[in-house]
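Asks: According to TrEMBL:
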DOMAIN    A:150-439  domain 'NADH:quinone oxidoreductase/Mrp antiporter transmembrane'
TRANSMEM  A:25-44  transmembrane segment
TRANSMEM  A:53-74  transmembrane segment
TRANSMEM  A:94-119  transmembrane segment
TRANSMEM  A:131-148  transmembrane segment
TRANSMEM  A:154-172  transmembrane segment
TRANSMEM  A:184-206  transmembrane segment
TRANSMEM  A:226-251  transmembrane segment
TRANSMEM  A:263-287  transmembrane segment
TRANSMEM  A:293-314  transmembrane segment
TRANSMEM  A:348-366  transmembrane segment
TRANSMEM  A:387-406  transmembrane segment
TRANSMEM  A:426-453  transmembrane segment
Amino acid sequence: MAAPTTAPIDLSAALVMAPTPLADWLVIAPMGLMIGLGAILVMVRHRLHLHGWIAIPGLVALVLLDAMLLWRVAQHGPFTMTAGRWLPPFGISFTADLLGALMALVSALVALAAGIYALRDIDSTGRRYGFFPLLMMLMAGVTGAFLTGDIFNLYVWFEILLISSFGLLILGSERQQIDGALKYAILNLMATTLFLISVGYLYAIFGTLNMADIARQADAHSGTAPLVTLSALFILAFAMKAAAFPVNFWLPASYHTPRVVVAALFGGLLTKVGVYALMRVMVMLFPLQREELSFVIAVSAALTMVVGALGALGQNDLRRMAGFAVIAGIGNVMAGVAIGGTAGVGGAILYALHSIIAMTALYLLVGEAARIGGSWSLQTLGGIYRQAPWITAAAFVIFLATAGLPPFSGLWPKIVLLKAALDIGAWWLSAAILISAFLLTIALGRVFLLAFWRPRPAEMAVAAPSSPEAWQRTAPLAGLVALLFFFGLFPEIPVSLSQGAAASLADPTAYIQSVFPTGGAE
Amino acid sequence: METLFSVLIGVFFSVAIYLMQSKYSVRILLGIAIFGNAVNLLLFTAGRITREIPPIILPGSDILPMTTANPLPQALILTAIVISFSFFCFLLVLTYRGYQELGTDNTDEMRLAEPKNEPLPPLGY
């Protein structure tokens, strides 16, 4: 038995003494909700009729929580909650800043749309496979990656979303899916392992994993430690996750194999988590090293854009065409990271937000086109305009938005990026942005012409749609199209929010302040 | 001790990368297993390997003395081992299933998702 100590131990040197205010719990509420609902859905896996009733209200609640989070961050700046009351950097912190909250909110919107679409698209076999529990875990991983303030924790969220994406990818266990999943799984696992190696080296250099702590120490170490090498490793790992050229080949090999709603989720969310991590690490933690490596990022970005657009031009299968459109979008975001500064990074954030919505809408639309036309192939599709004029109108909006033509949301990020690229004299990068947009316009215009506009080829009998129209299919598409429309016509709010997010990335004083309110433990 | 381990990790990495360059999915899988172990060993060694000195922060100091093993990388490895092990199990099943369904373990012949002679989109109508 230890003798009772006479002096009370001063815990305030190690622990957060004040209880966490209720409002701060908001930052972990989205992940808590998603993991809890995922567990409940696993328990009721065999009561298929309950899945929709649990999952859709859960996703609505996720949207509301993320909206509250964004509201609070926009009003009062970043805020932090640290696990176990251990003072940062020892406890694992969750920090919501403008970038994380914005990405989380848009992802939640997209997940809600996909969840509603899945009510019709995923049959009882797919539900028994566990579509909805996996969707919940995927959203926990995605939201957690956006809101965590600890770099090893970021790795753990990456793994959570990766393992749920494996489950979603092979939903149905078709031969084609297994072929695609094998390539997806191996290459993505290598990317996260590379990320883990970089985290290990980072800890060896800094002795801390807390992002705010790293950000304030980065300058002190930049002269002595091999930070450029470390940054190059991080860039390789995140570029692989984001499907940037030349490590993009897993995406067109796998994204067309799962159910269309799964492909929509992946195309919208997963690659964006990669570019988010790239922005967080390269812009906030290692700004000097980003400057050093910006030429490498820029070349990769330009090639990604052009390769993606050329790939889209060469595809006969609608889903594979959409996969290459995703890659082209990633190139634009990388270009913004390469340009740097508030304008460039703001453009990248804006493009990422637009791309989350547009890519999910594109995949859902392609799914609708195939359902109505009875084929994925441009050779045989045709006459959709006659059968479904409203779907055709949605296609028009989504294609213009994806290609970056006015008056839809794709225009503004491209303008911001072009201006930022010209301002720093990177004429070839702006040329790549324009060429990629031009090629995408041709590719998508051709899809519109062949699949929607031309009369159905004579040798193809008019096939009845494989399943009838339903609001569960049209409502999500209409909602996403409305978002593309709205942000195209009223770009002030997203532009100012993304510029604010970029400014807080470039100067993370407020972020550091929220983690270490009193200067913190050294 | 650390020097020896560094050499060992180098061997692990080169073996893993060599195996992952193979065309055959089983060898790629073995490469991935070794790759994961190489990373774990790397983290383990980076935190110093010693057990003689307990990791106690001395009075008046904020960090561990330089002679002790840092326990944090060991905690990181525990997480990483669990994750890489479960992923390896999944990949093992997936590869076996791929062999059953596709009838080959040669990745060059796995062209089901990306067929060789896919038609080009029509040039006009």
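The backbone N, Cα and C atoms fix where each Cβ goes, and this holds for glycine too.
TrEMBL: automatically predicted annotations, no manual curation.
Can you walk me through where each of these features ends up in the structure?
Replies: When Cβ-Cβ distances below 8 Å are used as the criterion, the transmembrane segment (A:25-44) is approached by residues 50-51, 54-55, 58, 61-62, 65-66, 68-69, 72, 79-81, 94-96, 104, 108, 130, 132-134, 136-137, 139-140, 143-144, 147 of the same chain, each at least six residues removed from its ends.
Note on the transmembrane segment (A:53-74): residues 23, 26-27, 29-30, 33-34, 37, 40-41, 44, 96-98, 101-102, 104-105, 107-109, 111-112, 115-116, 119, 132, 135-136, 139, 143, 147, 497, 500 of its chain, located 6 or more positions outside it, place their CB under 8 angstroms from a CB of the stretch.
Sequence-distant contacts of the transmembrane segment (A:94-119), counting only residues of its own chain at least 6 positions beyond either end whose CB sits under 8 Å from a CB of the stretch, comprise 26-28, 30, 52, 55-56, 59-60, 62-63, 65-67, 69-70, 72-74, 77-83, 131-132, 135, 138-139, 142-143, 146-150, 211-212, 261, 264-265, 268-269, 272, 276, 279-280, 349, 352-353, 356-357, 360, 364, 472-473, 475-477, 479-480, 483, 497-498, 500-502, 504-505, 510-511, 514-515.
For the transmembrane segment (A:131-148), the list of distant contacts is 27-28, 30-31, 34-35, 37-39, 41-42, 45, 51-52, 54-55, 58-59, 62, 66, 69, 92-96, 99-101, 103-104, 107-108, 111, 114-115, 118, 122, 154, 156-165, 167-168, 171, 262, 265, 269-270, 273, 276-277: same-chain residues at least six beyond its ends, Cβ to Cβ under 8 Å.
Packing against the transmembrane segment (A:154-172) from elsewhere in the chain are residues 122, 125-126, 129-131, 134-135, 137-138, 140-142, 144-145, 148, 178, 180-181, 184-185, 188-189, 192, 195-196, 199, 241, 254, 257-259, 262, 265-266, 270, 273, 277, 280: each is 6 or more residues past its ends and has a CB under 8 Å from a CB in it.
Sequence-distant contacts of the transmembrane segment (A:184-206) (same chain, six or more residues past either end, CB-CB distance under 8 Å): 151-152, 155, 158-159, 162, 165-166, 169, 213-214, 217, 221, 225-227, 230, 233-234, 236-238, 240-241, 247, 249-250, 253-254.
Beyond the ends of the transmembrane segment (A:226-251), by six or more residues, the same chain brings 158, 183-184, 187-188, 190-192, 194-195, 197-198, 201-202, 205, 218, 270-275, 277-278, 281-282, 286, 288-290, 292-293, 296-297, 300-301, 303-304, 307-308, 323, 326-327, 330-331, 333-334 to within a C-beta distance below 8 angstroms of the stretch.
Outside the transmembrane segment (A:263-287), and at least 6 residues removed from its termini, the chain residues within Cβ reach (under 8 Å) are 99-100, 103, 107, 110-111, 114, 117, 135, 138, 142, 145-146, 151, 154, 158, 161, 165, 168-169, 211, 214-215, 218, 227, 230-231, 234-235, 238-243, 251, 255-256, 293, 297, 319, 322-323, 326, 330, 333-334, 337, 340, 345, 348-349, 352, 355-357, 359-364, 367, 502, 505-506, 508, 511.
Listed by sequence, the residues of this chain that lie at least six past the ends of the transmembrane segment (A:293-314) yet keep a Cβ under 8 A from its Cβ atoms are 228, 231-232, 235, 239, 244-246, 248, 252, 282, 321, 323-335, 337-340, 426, 428-429, 432-433, 435-440, 442-444.
When Cβ-Cβ distances below 8 Å are used as the criterion, the transmembrane segment (A:426-453) is approached by residues 298, 301-302, 305-306, 308-310, 312-313, 315, 318, 321, 324-325, 328, 331-332, 335, 338-339, 369, 373, 378, 381-382, 384-385, 392, 395-396, 399, 402-405, 414, 417-418 of the same chain, each at least six residues removed from its ends.
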Asks: Go through the chain and flag residues at least 6 beyond the ends of the transmembrane segment (A:387-406) whose CB is under 8 A from any CB in it; none is fine as an answer.
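Replies: Sequence-remote neighbours of the transmembrane segment (A:387-406) are 325, 329, 354, 358-359, 361-362, 365, 368-369, 372, 413-414, 437, 440-441, 444-445, 447-448, 452, 465, 474, 477-478, 480-481, 484-485, 488.
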